[in-house]
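Okay, structure first, notes after.
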Amino acid sequence: MGFELDRFDGDVDPDLKCALCHKVLEDPLTTPCGHVFCAGCVLPWVVQEGSCPSRCRGRLSAKELNHVLPLKRLILKLDIKCAHAARGCGRVVKLQELPEHLERCDFAPARCRHAGCGQLLLRRDVEAHMRDACDARPVGRCQEGCGLPLTHGEQRAGGHCCARALRAHNGALQARLGALHKALKKEALRAGKREKSLVAQLAAAQLELQMTALRYQKKFTEYSARLDSLSRCVAAPPGGKGEETKSLTLVLHRDSGSLGFNIIGGRPCVDNQDGSSSEGIFVSKIVDSGPAAKEGGLQIHDRIIE
C-alpha cells in the first residue's frame with residue numbers, strides 16, 4: 001500500500017521502505033518489537049494472523065500498533081513525481097504537497113459532462129472538447145415537433161427520431177424523479193427521527209422545569225410564612241396597646257437532647273434605654289410531639305423573655 005519507488009526523485013533510504021510491500025512507507029505504524037510497516041499493509045495482516053509480519057512472528061493485536069510521527073514527517077518531505085506522469089505531467093513536488101497538486105493537475109483524467117458522451121480526457125482538454133469537438137454537445141432544438149435539444153451528431157446526421165428521443169427523455173425524467181423520491185423519503189425519515197428526539201428533549205425539559213417550579217414554590221411559601229410571622233411579631237409586639245399579654249414560666253423536660261422548638265430574632269440593644277424596641281427572641285417553629293408541643297407549652301410567636 002506504499003508509494004512506488006520509481007516515483008521518487010533519487011534513491012530512497014532502505015529504512016523508509018515497508019517490509020511487506022517493499023515500497024516507501026505510507027502512514028507508517030510500528031510494532032512493540034520495533035518493526036515498521038505501512039498502515040494499509042500491517043492492519044489486515046494483524047487482524048487475520050494476530051502476529052507481527054516479520055520473522056519474529058510475535059503475538060500482536062491492532063491496538064498495540066503505534067504511529068511513527070517523526071518518520072512520517074521525514075517521508076512527507078521527499079520529492080515525488082505526479083501520479084499522472086504517464087499522462088504527461090512533469091511536476092515533482094514534496095510528498096506532503098501531492099494531494100493539493102492532484103486536485104488541480106491538468107493531466108488528471110476527467111470525463112466529458114455532456115449527456116451521452118462520457119469520453120475520458122485530460123482535465124485541461126475537457127472544456128475545449130465540450131465546446132468544439134463533442135458530438136453530444138447541444139446545438140439547438142428539434143424543429144420537427146418534439147422541441148427537445150438537438151446534438152451536434154444528430155444535426156450532422158440530418159436530425160433525430162422524435163419518438164425515440166421523447167422515450168429517452170421520458171426515461172431520464174422518470175429516473176430523476178425516482179432519485180428525488182428516494183432522496184425525499186430518506187430526508188423525511190431523518191427529519192422524523194430528529195423531530196422525535198427534539199420532542200423527547202422538550203418533554204424532559206418541561207418536566208424538569210415543572211419540578212423546579214414546584215420546589216421554588218414550596219420554598220417561597222415557606223419563606224413567606226416565616227416573613228409574615230416575623231412581620232406580625234414586629235408590628236404588634238407583646239405589651240403593645242390593645243393587646244393582652246401575660247408572662248408564663250414553663251418547665252420543659254429535655255427529650256433526646258432537644259426541647260422541640262426553634263427561635264428567631266435577637267435581643268434588644270443594651271444601649272436602648274427607652275424600652276421602645278420591638279426586637280426580641282420569638283418562637284418560630286414547634287416540633288410535633290416534642291417537649292414544647294405539650295398542652296400548656298409554647299406557641300409560635302411567643303416571645304422568650306428570659
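Cβ coordinates come from backbone N, Cα and C, glycine included.
Any TrEMBL annotation is an automated prediction that lacks curation.
What TrEMBL lists as domain 'RING-type' is 18-53. Mean model confidence of the domain 'RING-type' (18-53) amounts to 91 (pLDDT, 0 to 100 scale).
Among the features that TrEMBL reports, domain 'TRAF-type' is placed at 101-139. Residues of the same chain lying 6 or more positions beyond the ends of the domain 'TRAF-type' (101-139) and with a Cβ under 8 Å from any Cβ of it are 82-84, 87-89, 91, 93, 149-153, 155-156, 172.
Per TrEMBL, domain 'PDZ' is recorded for 249-306.
Residues annotated as zinc finger in TrEMBL: 101-139.
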Against which stretches of its own chain does the domain 'RING-type' (18-53) lie, if we need a Cβ under 8 Å and a gap of at least six residues from its ends? 1-5, 8, 12, 59-62, 64-68, 71-72, 75, 78
